[in-house]
Amino acid sequence: MESKPYNTPEALGREPFTAAFWTLCAPFLFPVLGAFLIGLAWPGFNQVINGTDRTTEAIGLLWTALAAIHLVHFAILSIWSERMGAGAFAGSMRASQNWIVASILLGPVILIAPNLIAALLAGGEQGWEYSRDVDTSFFARENWGIAYLVFALLLAPILEEVTFRGVALGALVVRGVPPFMAMALSSAAFTFLHLQYSIPALIVVFVAGMGFAWLRLKSGSMLVPILAHIAANSMITFLASLAPPAG
């Protein structure tokens, strides 16, 4: 694997339009297409989405379906990246022991610190993270089955890091975009994926994206931001599990 600055695979610069597709289109296309196909196979899917079926079992099946969509998305993206010569994770997965420890320690800080500031600015109102049209019952603790935890703690962080810190950031850096600008552009795309959040939460996502991008460039490894993102989501989930029930 031939590398450019920051240990970025040179192959990522060969197909800029395909890289743009994986960054800007695929994160929306796969869920929409996946939901359509799942709706054909599972008659009760639309009832869960529309809120008429709120049983724990139904929501658990929904998270299983979303996890499957993410897994297929990652598999196809990984095959493309491997074929391009950038590796299955759009970058090296080697990292020193120091960087591995640093990623696990810094990941929660990168996400929680701006989260606390945004929560204070929002007045501590419960559910401030989401826009008004989002049904937050999907994320209630009683619906945290194995599928949800696998989705939130493993699949989502891995897919997002490979997409935005691997393909997007890597393609920009290889094609000569200044590092800070590449970090900002890839983090903006990362933020655009999270439109279910409120404006303050979107700012948190952008800041966290910049932090993960910095870890990617500084360490020269994709493993570092992936572990940091997993650690961050795990800590957020753990803290949420300690919060008192709503109402």
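In case you wondered, yes, glycine gets a Cβ from its N, Cα and C as well.
Per TrEMBL, the features are as follows:
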TRANSMEM  21-42  transmembrane segment
TRANSMEM  62-80  transmembrane segment
TRANSMEM  100-123  transmembrane segment
TRANSMEM  143-159  transmembrane segment
DOMAIN    144-235  domain 'CAAX prenyl protease 2/Lysostaphin resistance protein A-like'
TRANSMEM  166-185  transmembrane segment
TRANSMEM  197-215  transmembrane segment
TRANSMEM  222-243  transmembrane segment
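Sequence-distant contacts of the transmembrane segment (197-215), counting only residues of its own chain at least 6 positions beyond either end whose CB sits under 8 Å from a CB of the stretch, comprise 102-103, 106, 110-111, 114-115, 118, 121-122, 128-131, 161, 164-165, 169, 182-184, 186-188, 190-191, 224-225, 228-229, 232. Remote same-chain residues near the transmembrane segment (62-80) are listed as 18, 22, 26, 30-31, 34-35, 38, 42, 45, 48-49, 88-89, 138, 143, 145, 147-148, 150-151, 155-156, 158-159, 162-163, 167 (criterion: CB distance under 8 Å, separation of at least six residues from the stretch ends). Of the recorded ranges 100-123, 166-185, 222-243, the transmembrane segment (143-159) has the largest number of C-beta contacts under 8 angstroms with 222-243. Residues of the domain 'CAAX prenyl protease 2/Lysostaphin resistance protein A-like' (144-235) grouped by DSSP class, helix first, strand second and coil last, total 77 helix, 1 strand, 14 coil.
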